[in-house]
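For reference, the structure is listed below as structure tokens.
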Amino acid sequence: MVSSITRIQNYVIDGAATSDGLATVLESNFAPSLISLPATPLFGTDGIRGKVGELLSAPLALQIGFWAGVVLRSHAGQLRPVILGQDSRNSSDMLAMALSAGLTAAGLEVWYLGLCPTPCVAYLTSVSEAIGGVMISASHNPPEDNGIKIFGANGGKLSQALQAEIEKGLRGNLPITSNVSNCGRHYSRRELVKDYGEALKRPWQNKVNLQGMKVVLDLAWGAAVGLAPSVFAEMGAEVISLHNAADGDRINVNCGSTHLEMLQAAVQEHNADLGFAFDGDADRVLAVDPTGRPVNGDYILYLWGLHLKQQNQLPDNLIVSTVMANLGFEKAWQQQGGKLIRTAVGDQYVQAEMIKTGAMLGGEQSGHILCSHYGMTGDGLLTALHLASLVKQSGVSLAELIDQSFQTYPQLLRNVRVVDRDRRLNWQNCTPVQQAIALAEKAMGDTGRILVRASGTEPVIRVMVEAANAELANYWTNELVAQVQQHLAP
């Protein structure tokens with residue numbers, strides 16, 4: 001008797017697979033559930049993410065690997081490898097091996113990189129023969145969380161349509177059975193990470209070096225350990241490293257891009273020119289200037305965009321950012337003759353808008369920066385090297401560049417923990433919260449902004465208020481947080 005999985009494999013192997021045809025095969029082969037999935041969508045703004053042992057498990061990773069393999073093969077129409085990497089979390093080995101088992105059960109070859117940044121997976125996927133890439137990481141989340149990010153053959157985040165196909169297969173929960181003739185193989189390809197490191201330095205070869213610069217790097221006990229310090233040193237910088245070891249118990253704990261305090265102190269203590277803080281998978285970065293002042297993604301986009309504009313290299317003087325971008329950034333960029341397009345929060349939305357509009361530069365306030373000249377995913381190391389080179393070429397300090405850029409509107413962001421997933425994702429149905437938002441928007445008019453949204457990566461509702469002064473921002477933030485806590489997080 002031919003198993004359901006074998007029938008699906010044969011359908012894809014035959015080379016006649018189409019999206020509609022695959023859906024028909026999936027629907028005709030559904031079986032009783034083997035894993036428990038939430039009623040709400042599994043994919044968030046940055047892949048699949050959750051607490052290990054609750055949402056994420058080895059059986060789920062196995063299923064995700066298999067269905068990702070089936071969908072990727074159905075759209076590629078041929079057998080090519082999948083590139084797989086991971087961060088330093090204790091659970092990453094388990095999830096990576098389970099996911100690799102699923103991919104090989106789908107008949108695909110796996111090239112395993114081991115510990116590496118997320119943009120390393122994206123880059124190697126885009127320049128190799130790979131059919132796609134997968135990264136095991138929960139980015140800036142705490143050690144007990146983990147996640148699965150899937151990339152297409154171009155190195156960009158997988159489209160929502162393909163994510164939906166994978167989730168459709170997952171919700172069928174077919175038992176995974178395979179046979180020797182259909183299995184793929186798992187190969188260790190750790191040497192490829194060096195190719196990514198060389199690619200990072202390539203834009204500045206024989207043009208710019210960082211000699212004479214002192215740089216502090218906070219590696220957050222994560223995926224950039226070792227690699228980032230070596231790349232900066234090879235570019236000529238004097239490097240001081242913080243949290244530069246792979247530590248699954250401490251990744252992101254009071255360090256990295258969400259906790260700049262130690263980096264700020266170290267930059268001032270060592271009289272460094274600038275500092276960079278990466279998150280756990282190094283797809284984002286925030287900077288610190290010589291005075292210890294934080295430099296977020298808005299400033300990085302402005303400085304990088306202005307440099308490109310002055311070189312006549314920025315198409316339509318366009319930058320893509322999100323609804324979180326500060327009004328001060330937007331107004332200053334407009335005064336420079338530039339245009340800013342806002343998207344929903346999430347680099348996948350920034351990526352989609354960049355593709356749609358032909359924009360070269362985009363990103364998020366949180367430090368995800370995308371430049372289509374180099375690829376279509378956020379790259380913390382590449383962004384850090386660009387900012388450092390801009391400072392070196394300018395002949396002035398990062399502090400002076402920031403002083404000359406723009407003044408931000410006071411902006412407060414508060415996170416309210418809402419454990420109930422359904423209540424969190426459907427918060428818009430809460431009338432008291434909507435009424436409070438309407439009242440605040442009416443009171444501030446066009447001198448402020450309010451953004452309330454469910455996080456796509458954490459069990460929280462984010463409340464952001466931007467106002468003409470700090471007192472107004474603080475007042476309305478407190479009012480809205482109180483309503484969310486009372487009605488959504490009792």
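Glycine residues also receive a Cβ, built from the backbone N, Cα and C atoms like all the rest.
For SER139 (active site, phosphoserine intermediate), other Cβ atoms within 10 Å of its Cβ number 31. The secondary structure of SER139 (active site, phosphoserine intermediate), as reduced to three states from DSSP, is coil rather than helix or strand. Feature annotation from Swiss-Prot assigns active site, phosphoserine intermediate to SER139.
The Mg(2+) binding site annotation in Swiss-Prot covers SER139, ASP279, ASP281, ASP283 and rests on sequence analysis.
What Swiss-Prot lists as phosphoserine is SER139.
Looking at SER139 (active site, phosphoserine intermediate) and ASP283 (Mg(2+) binding site), their Cα atoms lie 8 Å from each other. Of all the binding-site residues listed here (ASP281, ASP283), the one with the fewest other CB atoms within 10 A of its own CB is ASP283. Secondary structure at ASP283 (Mg(2+) binding site), as computed by DSSP, is coil. Other residues of the same chain near the Mg(2+) site, with their Cβ within 8 Å of the Cβ centroid of SER139, ASP279, ASP281, ASP283, are ASP87, PRO117, THR118, SER137, HIS140, GLY222, ALA223, PHE278, GLY280, ALA282, ARG284, GLY378, GLY380. For ASP279 (Mg(2+) binding site), other Cβ atoms within 10 Å of its Cβ number 33.
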